[in-house]
Every structure is written in structure tokens, then in C-alpha cells.
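Just below is one structure, and these are the notes that go with it.
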Amino acid sequence: MGQDQTKQQIEKGLHLYQSNQTEKALQVWMRVLEKSADPAGRFRVLGCLITAHAEMGRYKDMLKFAVVQIDTARELEDPNYLTEGYLNLARSNEKLCEFQKTISYCKTCLNMQGTTVSLQLNGQVSLSMGNAFLGLSIFQKALECFEKALRYAHNNDDKMLECRVCCSLGNFYAQIKDYEKALFFPCKAAELVNDYGAGWSLKYRAMSQYHMAVAYRKLGRLADAMDCCEESMKIALQHGDRPLQALCLLCFADIHLSRRDVQTAFPRYDSAMSIMTEIGNRLGQIQVLLGVAKCWMIQKELDKALESIEKAQELAEGLGNKLGLLKLHCLCERIYRTKGLQQELRDHVVKFHECVEEMELYCGMCGESIGEKNNQLQALPCSHFFHLKCLQTNGTRGCPNCRRLSVKPGYV
């Protein structure tokens with residue numbers, strides 16, 4: 001298959017894919033991959049296969065194609081192809097929650113400066129890197145990457161990238177409990193979809209609605225959360241988007257948990273867990289297990305709650321997800337307090353505070369913790385964040401956290 005025929009078949013596959021005939025599109029692309037003698041065409045068709053498998057949640061296949069794509073890029077001996085290939089490797093590992101590998105591949109991309117593609121892709125690389133740092137609960141670096149990605153989006157007038165970054169920022173602020181910003185950013189993403197997204201994939205709309213649902217639930221606006229989550233789920237089902245279906249099921253379960261309707265929450269947690277296990281979303285599995293533990297706690301089934309927490313702990317330690325560990329120590333603290341087991345209670349209190357220290361989840365001005373309850377936060381240009389009220393009260397003559405870090409232990 002020559003260059004022109006390869007190009008024609010790739011377009012045919014894209015047309016099928018956009019009209020929701022995914023399996024037929026995959027067949028066309030696989031045929032191109034087998035028969036095309038044109039390396040640049042093979043590279044492009046691998047890109048299509050990577051995107052399609054990502055959207056279906058077939059992350060292991062996505063990674064497999066990304067590895068073949070890197071080999072094709074090396075064959076082409078073109079740094080532009082290599083940059084794109086490494087970004088796809090980074091993304092595949094991000095989806096499989098291999099966050100250290102993601103960061104490493106992203107750094108490789110950023111080191112390949114000077115290529116024309118790198119200038120277009122730097123924003124996407126920064127976004128993927130930010131998501132990986134967030135998965136590891138390294139909040140300052142995550143925020144730094146998201147802000148960099150947002151700058152690239154603004155400078156290149158890339159509204160799609162801006163939309164994706166806004167969703168990630170929504171997730172970031174939901175985790176550290178500034179719920180006002182957790183809602184603001186996905187609302188901004190939804191606005192971008194309305195204003196510019198006529199020709200975009202519907203996944204952008206679905207994604208922004210899902211993140212709005214999460215924020216509404218955390219703000220206690222459960223009816224609004226349900227509406228947004230239903231809208232997102234509808235699109236996810238139409239498009240066979242398994243990863244998003246799993247997240248929506250988790251969100252539905254969390255909404256029912258907020259209503260203390262444990263019987264309705266349980267089957268939704270089970271369905272979410274089943275998809276997340278199938279696709280390899282271990283970060284999502286931790287959230288499901290913590291939700292299930294809370295359900296058991298409501299039912300006063302404390303030993304069953306501890307079983308769920310134990311499974312979550314194994315996953316969180318494996319991934320290096322410190323926020324997950326902090327949350328489970330917090331739940332254990334409540335369980336052992338109820339059981340009257342003082343030694344275990346003390347152990348988890350100590351571990352809880354170790355997690356807070358490690359993640360630097362406290363305000364450098366007042367010393368109070370961040371992420372314990374809903375609080376308006378404000379980041380300084382260095383990406384350290386503080387309580388907004390502390391910055392307003394004390395003003396800022398530079399960042400107190402940066403000042404502390406610059407004082408060498410030898411001079412203290």
C-alpha cells in the first residue's frame with residue numbers, strides 16, 4: 001500500500017470513527033498498519049489507534065501501539081515524530097497510573113526542544129505531567145505544570161487544550177478542597193465547549209459536565225450534581241467511553257452516599273469497580289474502595305470497612321498516591337476511636353500527620369492544614385498555595401514557603 005492509498009484509508013477510518021462506527025474504523029486502520037509500506041503513514045495510523053484505544057479504555061493496547069509508534073519514529077529519524085511518540089508513551093502510562101514513567105517520558109519530550117512539533121505539543125506534555133504529579137499528590141508541581149499548560153493554550157489560542165486543562169484544574173482543587181475553584185474551572189471548560197466546540201468531539205462536553213458534577217456534590221448541591229452526571233453518562237454511553245462511564249458511576253455512588261442511601265450506592269460502586277479493574281484505573285479503584293468503606297461505616301460494619309481500607313492502602317502505596325493514604329488513615333482513626341482501640345488510633349493519627357507533612361498540606365502563613373475542609377485558596381507565582389484570607393490579611397512580601405526552603409539547615 002503506497003502513500004496515497006495509506007492516506008485515503010486513514011481518512012476513511014477517521015470518517016467511520018467520527019460517525020461512531022468504532023470497530024469498523026479499527027479494522028480499516030489495522031489493515032493499513034499491516035499493508036502500508038509508508039513509515040509516515042504508519043506513524044499516523046498508529047496515532048489514530050492510540051487515540052481510539054484511549055477513549056475505549058483499552059489502555060494496555062494503547063501502550064502497545066505507542067511502543068510500536070516510537071519504533072516507527074526512530075525509523076523515520078525525525079525529532080518531530082519522536083516528540084509525538086514520547087508524548088503518546090507518556091499518556092499511555094498516565095492512563096495506566098504509572099506516574100513516574102509518565103513524568104520521565106514527559107521530561108524526554110521537553111528536552112527535545114527546537115522541533116516544530118514540540119512547540120505545539122508542549123502544552124499537552126505539561127498537562128500530562130501535571131496529571132501524573134497530581135496522581136502522586138505532589139500538588140505544587142502539579143499546579144506548576146497545569147499553569148504552564150494553560151499559558152501554552154492561551155499563547156497558541158488552543159481552546160481544546162484550555163478545556164482539558166480547566167478540567168484537570170477542577171480535579172486539582174476538588175482534591176485540596178477549594179470547592180469554589182473546583183466548580184469554577186469545569187464551568188469555564190463548559191463555556192469553552194459552548195462557545196467554540198461545535199466541531200469538537202462530544203467527549204469535551206461530557207468531561208466538563210462530569211467535573212462539574214463532582215464539584216456540585218462536594219458543595220452539597222446534589223440535584224445539580226445528579227443532572228450534570230446524567231448528562232455526562234449519556235454521552236459516555238453513546239460513545240462507548242468506558243473510562244468516563246466508570247467515573248460517572250463512581251460519582252453517582254458518591255451522590256447516594258452523600259444522601260446516606262447506602263443500598264443505592266453499593267451497586268454503583270460495584271459497577272464502577274468492575275470497569276476500573278478491567279481498564280486498569282487503579283486511582284479510581286482507591287476512590288471506590290474509600291466510598292465503600294464509608295458505606296460500611298454508616299451501617300456500623302466496621303470490620304468490613306477495614307477490609308476495604310486495606311485493599312485501598314495496598315493500591316495507594318503501589319501507586320504512590322499520598323492523598324489516598326491520608327484519607328484512609330483518617331477513616332481508620334474514626335474506626336479505631338469508635339472501637340476504643342487506643343494504640344491503633346495513635347498509629348493512624350501519627351501516619352495521618354506524616355502524610356500532611358509530606359504533601360505540605362498546610363498554610364505557610366497560619367500553619368493550619370489545607371484540604372481538611374472547604375477553604376478558598378490562592379496560589380502565588382511559585383505555585384505554593386495558601387488560605388486566601390491569610391494572604392489578604394498578611395499581604396505578601398514573597399512566598400514564606402520559598403523563604404523557608406532557601407534557609408540552609410547549616411545557618412539555622
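Any Cβ shown, glycine's included, is placed from N, Cα and C.
These numbers come from a predicted model, not from an experiment.
Lifted from Swiss-Prot, the feature list:
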type    : residues : note
LIPID   : GLY2     : N-myristoyl glycine
MOD_RES : TYR196   : phosphotyrosine
REPEAT  : 6-39     : repeat 'TPR 1'
REPEAT  : 83-116   : repeat 'TPR 2'
REPEAT  : 123-156  : repeat 'TPR 3'
REPEAT  : 163-196  : repeat 'TPR 4'
REPEAT  : 206-239  : repeat 'TPR 5'
REPEAT  : 246-279  : repeat 'TPR 6'
REPEAT  : 286-319  : repeat 'TPR 7'
ZN_FING : 363-403  : zinc finger
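Taking all protein chains in view, 15 other C-beta atoms sit within 10 angstroms of the C-beta of TYR196 (phosphotyrosine). Using a Cβ-Cβ cut-off under 8 Å and counting only residues 6 or more beyond its ends in the same chain, the repeat 'TPR 5' (206-239) has close neighbours at 20, 55, 163-164, 166-167, 170-171, 174, 177, 179, 182-183, 185-187, 189-190, 192-193, 245, 247-249, 251-252, 254-255, 258-259, 374. In the zinc finger (363-403), the DSSP tally of helix, strand and coil residues is 11 helix, 7 strand, 23 coil. The repeat 'TPR 1' (6-39) scores a mean pLDDT of 84 in the predicted structure.
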